[in-house]
Every structure is written in structure tokens, then in C-alpha cells.
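Per TrEMBL, the features are:
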- 18-293: domain 'THH1/TOM1/TOM3' (DOMAIN)
- 37-59: transmembrane segment (TRANSMEM)
- 71-90: transmembrane segment (TRANSMEM)
- 110-129: transmembrane segment (TRANSMEM)
- 141-160: transmembrane segment (TRANSMEM)
- 172-195: transmembrane segment (TRANSMEM)
- 220-240: transmembrane segment (TRANSMEM)
- 260-278: transmembrane segment (TRANSMEM)
Amino acid sequence: MEGKAVGAFLGSLLGFQMPSWWDKAESSQAFQEWSNVGIAGAYALLCSVALVQLLRIHLRVPEYGWTTQKVFHLLNALVCAVRAGIFLFRDRLEDVHYGIVKLLLLDMPGLLFFTTYTLLVLFWAEIYHQARSMPTGSLRPLFIGLNVGVYFIQGGLWFLSTLAADVQLRTMGYIISDIFLAAVSIAAALGFLLYGGRLFLMLQRFPIESRGRRKKLREVGLVTSICAGCFSFRALMVALSAFDRENLELDIMSHPLLNVIYYSLVEVLPTACVLYILRKLPPKRLQGGYQPIPAQQGQ
């Protein structure tokens, strides 16, 4: 859809007229090209930050293997690297003839982002259950099963959206796919609110007042708010695009400004904030052997 039509639609949706620069940016070929380069650059920078942090953690405690903290930063780097490559070569992606390949490249980073941040929910859930003397053995299998189920269902929807013989079935596949991705994002937001909120309240009730406790409270509160907010906004935008693909479809070249705002709010800014908040390194190995502190090991 043309930029002016998108601006008019968003203006009617939000209840006010969009400024003239919105229409100019949406219809500008140069802005379409350079916005993709800018987004790719932002993701590349975040990828570098995550890799540097991963290296710093490994050099700090090389003998301790793949902790939750290391896996979290590795997945962050992977998501950002894939996104950077896709946006850098976004115009060439339009020439891909196989629709399922195109959908895979556009949607897979979002699923990896879901896995990356639900890993943080898993870590918080383990801390909470251990502190409450509750069993933790089922948490990791549940996390793995949930993620495998999400990827399996989404894979089936990709096939339905691109390979179904009937046009109506393909259209239905696109709509169901968007609704499913919105539901997945809502589930992630609820996970952060549930275990982030529980961990925050548990730390708040902790009897010993200390600088470390206050810092951990801020970390949990900020990360919970940021991640729950970004997943909720993602769910809203994806759900809206499911029912109005003409005006609000994401990941298309003719909506560059919409893409900049969307990816900045749902991935770029949240990732940057979380990487900064969780930048603390694990404690060094002690003389008598390294004893990881759960509250710091996987933050």
C-alpha cells in the first residue's frame, strides 16, 4: 500500500492526522533503502555487544561450561546477526521465488527471540522454585517442549501459507500464523509478569537490606517491565496485521517507517536495555573451587 494511504489509515486508527513527513518517508525510495541499512547496523552493533559480553564471561570462568548466562548472550548474538543479514539484503529477499523460504527468513528470528527471552524466564522460575523449596525438575523439559511445540506448529503454518493449493487456504494460513505468533508473544509477556513479579516480591520481602539486594530488585523490575512491554506490543502489532494485511502488514518494503518503529520497539531497544542491565560478570573462581551464585550466574 502507498505511504499516504498507510499514514491516513494510522491517523484514523489513532484518532489524529499523521504529520506530512510520515507520508514522505513512507513513499521515499531512498528512505526505504537506508532505513534497512540503519536497522541492520543497529542489529550488527547489538550482535557485537552480545559476543563481547559472551567472550568476557568465558574468560572470567572458562572452566564452568555453558551457563544460562552464556547461552542467553549467544542466542542474542545469533538473533541480531540473522536480523542484520536479512535487513542488509532485504531488497534481494523480495526476489526469492519460494514463499516458504521467505517466510522462514522473516519469521525465524522472531521465534529465536522468543526462545532467547523465555530462557531468562526459565532461569527466574528455577531461582523462585529453589528458594521456595519447590521441585525444579519439570521446568527445563517444559521449556524445551514449549519451544519445540511453537516451532513445530509455526512450521506447519508456513507450509499452509505457501504450499496449499487453494488461495483461501493460503490466506487463512497467513492469518492463523499471525494470530499464533501474537499468542506466543502474549504467553512470553505473561511468563515475565508471573515469574519476574514473583521474584521481585520475594526479593522485596528478603529481610536483609543490602546494596546487592537493591540492585537485584532494580534488575528484575526493569527487565520484567521491558520484556513484558515489548512482547505485548509485538502481540498487538502482529494481531492487527493479521486482520488488516493491506494497511498494517509488517516486513514489506513499502512500510519502511512502520518497520523502523516496530523493530526498534520490539527488539532493538529492549535488547540494548537488557544487555546493559545484565552486563555484570559472574564472580571469579575462588581458591577452593568455583561456586556459582545462582542469582548472578544466569542473569
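Residue numbering: from 1, along the chain as shown.
Cβ from N, Cα, C; glycine included.
Just so you know, TrEMBL annotations never went through curation; they're auto-generated.
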Same-chain residues at least 6 beyond the ends of the transmembrane segment (172-195) with a Cβ under 8 Å from one of its Cβ atoms are 107, 110-111, 114, 117-118, 121, 124-125, 128, 150, 153-154, 157-158, 160-162, 164, 223-224, 227-229, 231-232, 234-236, 238-239, 241-243, 245
Residues sitting near the transmembrane segment (37-59): Cβ under 8 Å, six or more positions beyond its termini, same chain?
67, 69-70, 73-74, 76-77, 80-81, 83-88, 259-260, 263-264, 267-268, 271-272, 275, 279, 281-282
Report yes or no: does the transmembrane segment (220-240) come within contact of the transmembrane segment (71-90), defined as 3 or more CB pairs under 8 Å with a sequence separation of 6 or more?
no
Across the domain 'THH1/TOM1/TOM3' (18-293), what is the average pLDDT of the model, as a whole number?
87
